[in-house]
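Below is one structure; the comments refer to it alone.
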Amino acid sequence: MITTTSALSRILKCPMIVKYAIAIVSAAISAVVVLTVLPSSSCDLALLLFLCTVTFVALAAGPGPAGLASVLTLLSLQYPLLSSGNPVVLRSGEILGLGLFIVASTFVVLSAARRSTSASHQLLLNEQHLMIRELQQKNERLRVEKTERSEAAIKAEGAEQEIRQTVDAVPALIARYRADGFMDFRNKNWREFTGLSQDNSEGRRWGSALHPDDEEMVAREWREHIATGEPFELEQRLRRADGEYRWYRVRRVPLRGETGEVIKWYAIAFDVDERKRTEDALRESEADLAKARHELQLIIDTVPVLVLRHRADGIIDYVNAVGRTYSGLTTTKWTTRTSIITHPDDVPRLEAAWDVALVAGEPFESELRLRRADGEYRWFVTRRVPLRRNGEVIAWYAATYDIEDRKRAENELIESERRFREAQMELAHASRVATMGQFTASIAHELNQPLAAVLTNAETALRWLSYEPPNLEKAKPSIERAISDGKRAADTLSRIRDFSKKAPVRMESVQVNEAILDVMGLTHAAMSDNGVLANTQLAKELPRILGDRIQLQQVVLNLIMNAIEAMTELETGSRELSISTTAEGDGVLVAIRDSGPGLPPAGFARIFEAFYTTKSSGLGMGLSICRSIVEAHGGRLWATPNEPHGAAFCMMLPIGEQSLENLGG
């Protein structure tokens, strides 16, 4: 059934002209077969063949072509065949066959018509079923599509919600505009920042939050870029909900449709207020820096100092106006390591010190002479300090200022000090001579003793030599004693001569204990005549000091004589003089104590002042000279009360070469 239906479907679907062509061709073929193959007397076979042809056409082409085939086959019986040229003559017996043929062909045609109608109906039913099935499939597809669309809509809504949440979460202000530039959406941050709702901003190009001073600029940019459709950026101020305006950088980009026309604008704004403030502060700072540089340049060009800059290799590359005016040279003439106006005698020393400073990278200072524009050389002191970057010296800055007046003052001071030392030496000499005059009797006594002994021993030796024969053995000891006493007298005279003569300062290594003992030898008679008992406590292995022996002995002698004079004023009590030496730190301490009446409280503060004295006679210069001598040796001299009574004079002298600079040695 399915095959027949399919065949009928195919037949029914054939064009009508093809169906009738099948009928004509089939009838023609049957006629040719009847006329050429079958005998002329075989009418029954011809009718049977025609009936088969009609049946075939009915099955193949349908009732219409089958009817046409019936008519054509019947007509072919009335015409002669090509081979005989005679018409077919129906016999009486064949008429019945013809009638049956007509009835059978009619039945076939009608059957074909019924089958065709049935097939058409079946075809319609099949097509209806197919259409129903297709409609069901379409409905299913539509249902699936609807479901998918619903899911897509849900997803789209979720995605849109996610996008909105994302847009609201972005730490920026985001807005959307229509093609004409008017706002139709803004994110949560925008609304919270401005404090404006969506309705308050509808139809504006940035809501009502825009700073009034920026409105014209923003409107101009909008008009220009709406016309061109190009993205643009600008910085503008927006009012925060609390009324404060902050700077934002806003970038606006277009969204284009399929044909390229702008359908939306999107904007994102980032807070750049801190950056703007920083930039403003930086601009102000740069302006202040430029002003400070200008002021600094004015100061550098007006201060009475030569300001120079050296490269890292020491070459001069800048000189201020003062330096150019002083030298009469431009900066390009200064481009050397050592200025061409430096005195030739100072160049080697300056270059050597400069080389050391460049290698060490340490500040450098030196005195030098620079030639003025008129040719005169003046003394300057230059101080150069390095400028470093990442620990590396990139330049040197030098300040060179005039010290000519100071140098002259120093020279005058040196000359004054020289004259002062000469005067001090004169005064010290005069003081020594005066001191010697105070104990002339003691000196005479010191000389009389050895001279009397020399005379006695000489007379004794002469007497022994007068014997016959001379007693040489007895005379020899007397002569030896006379020689010894003569040497003692000669030593005394030598000390007196050295002490009294005027001589320049002679620095030497001095053993303090020996110097003190020599002085005590000179004052022995004075102490004996005045009933003074001397006590010495001299430290052993005392370090030597560097000084002038005669001047130091003068100090000791002056202090001893003052102590003797002070104690002679006592009518009762013992007269004791104590001299001690000790090593303390970097010096030697000499203390001379007496048991005299001492000094009044005010006297200890003024005792070393020039022309101050507690004696009824005298100028009051002795102790002042003593202090000057001690201080010239780098030491100290002071007075304190002596317990239980009397005064103590202490002298601290530095060890070794510490006193050399003060004495000019």
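From the backbone N, Cα and C atoms, a Cβ is placed for every residue, glycine too.
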Students should find that the coiled coil stretch in TrEMBL, chosen from 275-302, 331-358, 359-386, is 275-302
Averaged over the domain 'Histidine kinase' (442-657), the pLDDT of the predicted model comes to 79
Summed over the domain 'PAC' (364-415), the DSSP helix, strand and coil counts are 12 helix, 32 strand, 8 coil
Taking DSSP helix as H, G and I and strand as E and B, the domain 'PAS' (292-361) has 39 helix, 12 strand, 19 coil
